[in-house]
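K.L.:
Before I ask anything, here is the structure I am working with.
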Amino acid sequence: MSTISGGAAVPDGPGSATGGAAAMTRARPLWWIAGILPFLTAFLVTARVRLNGDVDYALGTMETAGRGGVGVGEVFAARPYAYRLFMDVLDRGRRLISDAPGSTLTDDVIIRCETVAFVVLVGVVLYAGLRRRLPGAPAGVISLVVTGSLAIAPPWHFLEPDWVGVLFAVLGVGTCLLPRNVWLGAVAGGIPLLITVAMKTATFPWALIALIAIGVLSRRRAIYTAIAWLLLVVAWLIVTRYVQHWEWRWLQDQAKLVHTSPIHNGIRLEDLKLLLQAAANVVIVSPILVAYPVAAAVLVQRRTGRARWVTLAVLVVVAGLCLASGYGQGEFFMYHFAGMPVVGAAVWAVAVARPSAARLPLVVAPVLGAIASAVLMAQPLAWRRDHLWWAIGIELLIAAAATGWALIAMRRRVPSTDRPWWVPAIGVAAAAALVTPLLPRSTYSFDLFDDSVVVGPNIASIRAADRQYDALRARIGADTRVTYFTYGAYNRALGNPTTCRYPSPQWLQRSVRLSSVRNYPSYIDNLRCLTSDGGAKYLVWEPSWFSLKGAAPQIREYAAKFDCSKSGRVPAPRALVVCPRKPLP
């Protein structure tokens, strides 16, 4: 029996889960539409937000290599094949509508809309699966909130491999629960969970959380799905190792690059401090997490005896797995914790879906957290870097107060009412907490990496930059082959084709700072690809990203084939140096 449907839980007010479902269901469709409207409004806010630089990088490398004849299965984009394939599908859809380079704002909106359409489809599948096990109202609330948490993701989460992994983990929950046949459900759930891991091996914990979610509703299905998933993962590893051997090589070399990871160094005090700092940043950036302890307390309080301890243990394990993905990667970027807002939203939705005396504090907590986050994130950079613990203290105080309020209401048997207007109230609370990191004055993080990147785009400057790249394409020819010594986002901005499978030469660039990289097989392959490409007419170079002073002699010899003197350069945007190939002697 699930936590939501009641089980052995002690009622905490008039009404049951079934009664609540009936009350909410009677309100359809008007109140349910009203519950969806806050999420639609929040999505309109996201429409003006640019895709983040990492997504630009992936799209830029695949687009420019693709125009040079390199397939998505062969191009290096510092991302696994499953992710490249997913992004390629989105990009192909975008090209059906807009295939002209130089319209980055339009392209971003198209890709975002495509992605959100898929998110909505995942939400429908999740609802259909949950409906097999839960009354209609709880299934609807949970599906709506989880779908919203994916569609209205923070900008540094959206379309990162970690976020896509979470998306497929949610899909796995829905597809597992949907079929009546248990083994069919196990395979149907195991495939999306395999994709979760294939997106990035560090997304493994999100698949485990999905299995826990399935187990809460059906232990038998969770066990069968885990078996099917593990078999699929083993098969995928074998295929990657022996068929896509270059993927295996890239995976190994990428892991070596992150020398700060606990995988290499074990547990260190400085890493634990960074984990604590990152967790505080995630809570401030995504205030839906302020409601997690409130929801956890409510769910535990509803249970009795042994079930109460089991519920508490599950919630603690889930919280630990949320942190494990980011901790294992050892870099503590915000997107490494992309599943935390989704998991937090899901747990909150489970608690708030059932009519309860604790509903009001459950709804108030994320709203107050959102207000606090909006104010804190809008503060000057210097202030934020000096006041992290003061800021997280405010969020924790809100969480503690709401938790106390909820527990007191439940213990005093404060009468609870279940009215249809709770649906839009839940929608407003969730949307307010989810949209906070997308407000114009918000930043990618509070005081960690990219804490100076402001979400609100300067439309005029973006269009001015597009015009500069349009002018550069006109000078060198839009179809002219080039060699890129740039971060992949600049590849996307320019769009000229390249024939090297390393369109953004990460291994060559990293070798300047880390001499050990020159022993990696990926570096050797990158160098071979560079030196064997004799058809590029221009070198497009980003000096701030790729310093040639410390580069290997072969790289400098290749660059010397192009005229990078001030008199020889082609006029280009300020960040780039565009060098024409020198005539043959």
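Every residue, even glycine, has its Cβ placed from backbone N, Cα and C.
Pasting the relevant annotations from TrEMBL:
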- 30-49: transmembrane segment (TRANSMEM)
- 109-130: transmembrane segment (TRANSMEM)
- 137-158: transmembrane segment (TRANSMEM)
- 191-216: transmembrane segment (TRANSMEM)
- 223-243: transmembrane segment (TRANSMEM)
- 278-300: transmembrane segment (TRANSMEM)
- 307-327: transmembrane segment (TRANSMEM)
- 333-353: transmembrane segment (TRANSMEM)
- 360-382: transmembrane segment (TRANSMEM)
- 388-409: transmembrane segment (TRANSMEM)
- 421-439: transmembrane segment (TRANSMEM)
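Could you tell me the structural context for the features on the list?
P.N.:
Nonlocal intrachain contacts for the transmembrane segment (30-49), taken as residues 6+ away from its ends with a CB within less than 8 angstroms of a stretch CB, comprise 24, 109, 112-113, 116, 140, 144, 147-148, 151-152, 155, 158, 420-421, 423-424, 426-428, 430-432, 434-435, 438-439, 455-457, 459.
Proximity of distant same-chain residues to the transmembrane segment (191-216), defined by a Cβ-Cβ separation under 8 Å and at least 6 residues beyond the stretch ends, is recorded for 2-3, 79-83, 86, 161-162, 164-166, 168-173, 175-177, 222-223, 225-226, 229, 232-233, 236, 251, 314, 317-318, 321-322, 324-325, 328-329, 336, 339, 343, 346.
Through the fold, the transmembrane segment (223-243) approaches residues 81, 172, 176, 182-183, 185-187, 189-191, 193-194, 197-198, 207, 211, 214-215, 251 of its own chain, all at least 6 residues removed from its boundaries and within a Cβ separation under 8 Å.
Counting residues 6+ beyond its ends, the transmembrane segment (307-327) has Cβ neighbours under 8 Å at 3, 7-9, 162, 202-206, 208-209, 212, 216, 262, 271, 275, 278-279, 292, 296, 299-301, 333, 336-337, 339-340, 343, 347 in the same chain.
If one looks beyond the transmembrane segment (333-353) by at least 6 residues along the same chain, the residues whose Cβ comes under 8 Å of a Cβ in the stretch are 3-4, 17, 20, 52, 54, 137-138, 141-142, 144-146, 148-150, 153-154, 156-157, 160, 162-163, 165-166, 169-170, 202-203, 205-206, 209, 213, 278-279, 281-282, 285-286, 288-289, 291-292, 294-296, 298-299, 315, 318, 322-323, 325-326, 359, 362-363, 366, 426, 430, 434, 444-445, 448-450.
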K.L.:
Take the C-beta pairs under 8 A between the transmembrane segment (109-130) and each of 137-158, 278-300, 360-382, 388-409. Which stretch has the highest count?
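P.N.:
Checked against 137-158, 278-300, 360-382, 388-409; highest Cβ contact count belongs to 137-158.
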K.L.:
May I ask for the residues of the chain that lie six or more residues beyond the transmembrane segment (137-158) and have a Cβ under 8 Å from a Cβ within it?
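P.N.:
Non-local partners: 4-5, 17, 20-25, 32, 35-36, 39, 42-43, 46, 49-52, 54-55, 112, 115-116, 119-120, 122-124, 126-127, 130-131, 166-167, 170, 285-286, 288, 333-335, 338, 341-342, 344-346, 348-350, 352-354, 423, 426-427, 430-431, 434-435, 437-438, 444-445, 450, 453, 455.
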K.L.:
Six or more residues beyond either end and a Cβ under 8 Å away: which residues meet both conditions relative to the transmembrane segment (360-382)?
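P.N.:
Long-range Cβ neighbours of the transmembrane segment (360-382): 284-285, 287-291, 294-295, 298, 348, 351-352, 391, 394-395, 398-399, 402-403, 405-406, 409, 425-426, 428-430, 432-433, 435-437, 439, 441-443, 446, 451-452.
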K.L.:
Could you give the residue numbers and ranges of same-chain residues that sit at least 6 residues beyond the transmembrane segment (388-409) on either side and whose C-beta is under 8 angstroms from one of its C-beta atoms?
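P.N.:
Apart from its flanks, the transmembrane segment (388-409) reaches 277, 280-281, 283-284, 287, 290-294, 297-298, 301, 357-358, 360-362, 364-365, 368-369, 372-373, 376, 446-447.
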